[in-house]
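The annotation carbamoyl phosphate binding site is assigned in Swiss-Prot to 57, 58, 59, 60, 83, 107, 134, 135, 136, 137, 274, 275, 319 on the grounds of sequence analysis. Positions annotated as L-ornithine binding site by Swiss-Prot, on the basis of sequence analysis: 168, 232, 236, 237.
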């Protein structure tokens with residue numbers, strides 16, 4: 001089956017069917033193989049792409065820049081000091097940039113900003129991350145799971161997400177799983193469970209796809225027999241440090257350590273993380289957390305993160321291939 005996603009925005013996975021998501025994954029796999037083989041064909045030659053980053057980034061920025069370069073496109077980086085939303089409305093910015101550029105990436109805060117860009121730019125707009133959604137990450141995640149899934153299809157896999165299940169990763173993983181028929185278990189304290197309206201919407205999607213959503217505060221129930229465990233940061237650099245104590249105390253029982261790995265009863269289980277991860281005291285934040293809370297590592301321990309269970313760096317590499325696929329599918333010649 002062929003898909004035509006040309007000129008489509010990529011703002012959230014709710015906008016796409018399961019088959020369209022699988023098409024993007026397959027395209028990312030093809031582009032990855034072509035890059036390794038030295039046979040990549042440039043589909044974005046002569047295109048100009050704006051990268052708007054109101055939030056800082058390493059992986060997302062590098063992934064977009066390298067993917068665009070590989071495909072023959074030119075990029076302009078627009079940082080947090082731009083006039084968008086300050087001296088010029090998002091709507092006006094969209095209409096201006098849409099005259100200069102063939103595609104626009106946005107990474108920032110409210111989903112309403114990227115939706116406004118998508119409505120008014122007149123060119124494809126891609127969501128590099130908002131407070132509500134992180135859709136490009138999921139294409140990379142599902143691609144990585146297929147690489148490490150021992151031949152299983154996505155609809156045969158079980159994934160446990162540990163921690164804050166109401167953040168952008170919890171939302172995106174739940175929707176992504178519901179779209180492709182995967183079983184996902186969101187494991188965390190009740191105060192961190194996702195919005196009931198979104199859960200209801202995803203349960204309706206599961207009736208079509210055959211997926212399954214389990215939400216629990218019981219770690220043993222959540223991880224038993226899963227193929228993958230997924231973690232995300234507990235503390236954000238954008239929030240006051242006085243909130244850290246509450247979040248860390250609430251989420252401490254959901255740290256991924258070797259006991260959790262053992263509890264899966266699956267020797268082939270793999271650990272995933274969208275990165276950056278706080279797994280030791282080798283960063284300023286990690287050192288501060290160790291001094292203040294007497295913890296080496298937060299969402300994952302060092303022994304798990306540095307073990308053969310971890311596939312985080314394959315996952316990080318696949319950010320570039322999957323972002324390239326999204327740009328080629330929506331903008332490529």
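Positions of Cβ are set from backbone N, Cα and C atoms, glycine also.
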For the binding-site residues listed (59, 134), most other Cβ atoms within 10 Å of the Cβ sits at 134
Taking Cα atoms as reference points, which of the binding-site residues 168, 232, 236 is nearest to residue 274 (carbamoyl phosphate binding site)? 232
CA-CA, which of the binding-site residues 57, 59, 136, 319 lies nearest residue 168 (L-ornithine binding site)? 136
57, 136, 168, 236: which of these binding-site residues has the highest Cβ count within 10 Å of its own Cβ? 136
If you draw a 10 Å sphere around the Cβ of residue 319 (carbamoyl phosphate binding site), how many other Cβ atoms fall inside it, taking every protein chain shown into account? 26
Compute the C-alpha separation of residue 232 (L-ornithine binding site) from residue 134 (carbamoyl phosphate binding site), stating it in Å without decimals. 12
Can you tell me the CA-to-CA distance separating residue 134 (carbamoyl phosphate binding site) and residue 236 (L-ornithine binding site), as a whole number of Å? 15
For residue 236 (L-ornithine binding site), name the DSSP secondary structure in the helix/strand/coil scheme. coil
Closest to residue 236 (L-ornithine binding site): which of the binding-site residues 57, 59, 319, going by Cα position? 57
